[in-house]
Amino acid sequence: MQQQIRDILVEIGEDPEREGLLDTPKRVEKSLKFLTRGYRQTLEEVVNGALFEAESDDMVIVRDIEFFSMCEHHMLPFFGKCHVGYIPKGKILGVSKVARIVDMFARRLQIQERLTRQISGALMEILGAEGVGVVMEARHLCMQMRGVEKQHSVMTTSSMVGSFRRELATRNEFTRLIR
Ligand SMILES: Nc1nc2c(ncn2[C@@H]2O[C@H](COP(=O)(O)OP(=O)(O)OP(=O)(O)O)[C@@H](O)[C@H]2O)c(=O)[nH]1
Ligand SMILES: [Zn+2]
């Protein structure tokens, strides 16, 4: 990867031999590997067995989980907040694992819609919940620093599964609680 990054430096008109850039290919490789580490993680590993039995069937919400991802079209960051809710059916998840699942999918090349759906899908898969809701709000740098150059637009996506999709009251409770 370092040779390819060096080639890119030459293509954009830089001199990869100048002092400030000497270690740049190495740094960029390390940084890119970090930003895409979700490809090398699995759900099992991320959850690490932190599933607990629960009698409660009341809604659980984790709000304002910040995330950083990269759009697959331009490989530029998009970032914002993710809100997750679910209604358990016998099992609850260690709260930090909700955020870890968000990160696992965010640290890949993504579009926001798919990222949102992958998070709800993964939660449904491991929890077998009554329902899951995921809402994501993000700013896309490919829309801000290039392209249409709109600085204030925020994209909101949602994925509602099970009772969150079927029942308006459940969905309303979730959206009210994440406000
Ligand atoms: N729906 C969706 N679109 C995205 C996301 N990230 C980037 N895009 C869009 O993907 C589209 C790619 O459009 P193209 O016309 O192929 O690429 P482009 O010429 O670079 O487009 P502009 O950004 O309009 O300059 C753009 O409209 C981006 O805004 C995302 O997460 N979801
Ligand atoms: Zn983009």
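Yeah, the Cβs are placed from backbone N, Cα and C, and that goes for glycine too.
Here is what TrEMBL records for this protein:
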BINDING   CYS71, HIS74, CYS142  Zn(2+) binding site
DOMAIN    1-179  domain 'GTP cyclohydrolase I'
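Counting other C-beta atoms within 10 Å of each candidate's C-beta, the binding-site residues CYS71, CYS142 are led by CYS71.
The number of other Cβ atoms within 10 Å of the Cβ belonging to HIS74 (Zn(2+) binding site), over all protein chains shown, comes to 16.
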